[in-house]
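For 46, 47, 48, 104, 135, 136, the entry in TrEMBL reads L-glutamine binding site. Residues or ranges marked as active site, nucleophile in TrEMBL: 77. As annotated by TrEMBL, active site, charge relay system applies to 171, 173.
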Ligand code: GLN
């Protein structure tokens, strides 16, 4: 299994470290050609406006949209914003992969970044506490019926799944806890078996 990490900007290296620590082969993705060879892709946190401009510039938006039709994608923080269907109070045109509406920076500014213990509901009977880092995180303001909420914070979704697409408003690569990455890898294996 080869998992790509979009490496245009942001904290892609932390996702690479996490995947390697789980024995997974990783490749940095900066072109549609590099994307083609991957079984799945992670879009990291960073600055969504910058990443979107870069994606437009290298004409990679469509390649990502095509990729997401068939293969698993996991977006964290800015990556979640890129995967969303709409961004409130903004003219941004995200990729429209997850049926969610987000609001950027809606938990506060950089100095108001925080850590919280949240409950993950990944499988029935296997609930678990996860220490989540929120860094200028987006809030998921609305989600469609097909979107499954796997974790919430203060009554709002923070980890969501829609088919083979996964999105987190926080940074699961920063804690050293591999639970969410393992969950995503299981989604990738499931998809490969299907
Ligand atoms: N606030 C950033 C954005 O809107 C996301 C922050 C992050 O990825 N940690 O793109």
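From the backbone N, Cα and C atoms, a Cβ is placed for every residue, glycine too.
On the structure: features taken from TrEMBL.
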residue: 46; record: L-glutamine binding site; Cβ contacts under 8 Å, 6 or more apart: 9, 10, 11, 12, 77, 78, 79
residue: 47; record: L-glutamine binding site; Cβ contacts under 8 Å, 6 or more apart: 9, 10, 78
residue: 48; record: L-glutamine binding site; Cβ contacts under 8 Å, 6 or more apart: 78, 79, 81, 82, 92, 94, 104
residue: 135; record: L-glutamine binding site; Cβ contacts under 8 Å, 6 or more apart: 45, 77, 110, 113, 170, 171
residue: 136; record: L-glutamine binding site; Cβ contacts under 8 Å, 6 or more apart: 77, 104, 105, 107, 108, 109, 110, 113
residue: 173; record: active site, charge relay system; Cβ contacts under 8 Å, 6 or more apart: 11, 14, 15, 17, 18, 44, 76, 181
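Just so you know, the Cβ of residue 171 (active site, charge relay system) picks up 22 other Cβ atoms within 10 Å once every protein chain is counted. The most densely surrounded of the recorded positions 77, 104 is 77 (count of other Cβ atoms within 10 A of its Cβ). Close to the recorded L-glutamine site, the chain also has 10, 45, 77, 78, 81, 105, 137, 138: residues not among 46, 47, 48, 104, 135, 136 whose Cβ is within 8 Å of the site's Cβ mean position.
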